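Undergrad: Okay, here's the structure, questions in a sec.
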């Protein structure tokens, strides 16, 4: 959503609707002094004599407008920035993990009786001064799209960019070198690892929805989008917050089609908060999680009331304020501001991974092996797209279950509409599609809109032109549709380093352009397309570089288990073992005592517009701006 609401990209520009109230929410200009001080002028005449100022609507206006997004959400977005990261690090001391070796003992401090993270009185101390309430446990998660943006700017590989980010957040020459507390992040996680669980769960969700035995309770009034309902065909991806915001506010009939699966960002936050708070008896509020994402809309996702501790915390006290699973979201551009504010030259950071001796093991051994594997699986092939590869993994899963089948790919009306079919001979096993960009999303939701009932007695329903009569057939024949708000996918997110900023960043960091990589002073559409291709190249580069295959401890670090849908182990698809993922999820559920449904899935709801409502309702919505949390 963020990347397209601008006049620079008219192909996907959405003009304000008739309900847009932003142009009239401006104060009248100060009237000029009248030459006749005794002249009486009515208010209407005074307003009519002054030309109205030109209406200018920006993305910030849209986020702050109660006609689409509540003002509370605009406040929540503004609070999430690199400044908040620095303020939090400077305010709270990093909690020393109680399971670390201290004073020659393993997780036990002889002065306060703390053993394995638990004190004798049931409270956790930090193993240093016994005042855990004065500190926080800092955790960061990084998306591959953000790493690709950084890689393109600094002419490094995606893996090297990830190492530089980890060195900034956790390394000896990173954030800990400045600030009042010397705090840094205990763990830096790769969301690609958690995405594997999302891909497996997405394939299972589609299989369950298409099963003839599945009863779909989502058709009951009021249950649309509920966590315990099965989505209707076609199932629509729910990992893009810009798309979800649009659907909830403008097209509630889409809610039964939305996947109930959490995004990798949300799932990572749930895993971090639920495991650490339960294992070491510390409240979720003492675990501070920042996510580095390619999109500004991810800040809104982090603010959803459904993605808080109240959704999974056993015996949650309703009188207590819930804690977000993701406390703050910053983008790739804001990450560079973070380093600059600390006086750190990002380009000079080591491009090698943190050694095993510098990394704190995750408290649970099985989850530690899952989150920090010895082998790092690269991003999927180009055909899978740059938005996580949900659709393609589902197709590959069905392909593995149907030997002799093949995936047919055909382009739609433009490059951001692609149709997929899994065929075996003349039989079509499953159909799916990809719709990127709001221009194409509008076509999709229009074709999914239910036909209006005839007002004439005995009249037929839908006798007019069907919404799905456009080229490409009926979208209801698709089993799954991957929907992303940004044209080109997540590598083109609004939070990525823009082409107009690249040379400025390189000059500031002292990075020289190589191989004719110098960008034009005023890049046009052609240069923007070439830059996005460079970011995509970094995203898909994976393990092409030999030096990335071995870390500082000599471990092989960049190998794939498999790259096709057919292996000797039937449950392995594109290097992801369904059996292993399900085992990890079951272990996570057992460890925390939380049902897997609450851990993996979420819900969606229709959001009413505040335009045209009485003043008391407007005041009620405005009051949400002072609360912590809140949904769309």
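Just so you know, glycine gets a Cβ as well, placed from its N, Cα and C.
Because the structure is a prediction, the values reported are computed rather than measured.
Pulled from Swiss-Prot, these are the listed features:
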BINDING   20, 62, 65, 68  [4Fe-4S] cluster 1 binding site
REGION    27-53  region 'Disordered'
REGION    99-119  region 'Disordered'
COMPBIAS  101-119  compositional bias 'Low complexity'
REGION    210-231  region 'Disordered'
COMPBIAS  211-221  compositional bias 'Polar residues'
BINDING   240, 295, 486, 490  [4Fe-4S] cluster 2 binding site
REGION    542-573  region 'Disordered'
COMPBIAS  544-554  compositional bias 'Acidic residues'
COMPBIAS  555-567  compositional bias 'Polar residues'
Undergrad: Only counting partners 6 or more residues apart, tell me which same-chain residues put their Cβ under 8 Å from the Cβ of residue 240 ([4Fe-4S] cluster 2 binding site).
TA: 263, 295, 297, 387, 483, 484, 485, 486, 490
Undergrad: Under a three-state reading of DSSP, tell me whether residue 240 ([4Fe-4S] cluster 2 binding site) is helix, strand or coil.
TA: coil
Undergrad: Taking the Cβ of residue 490 ([4Fe-4S] cluster 2 binding site) as the centre, how many other Cβ atoms fall within a 10 Å radius?
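TA: If we count other Cβ atoms within 10 Å of residue 490 ([4Fe-4S] cluster 2 binding site), we arrive at 27.
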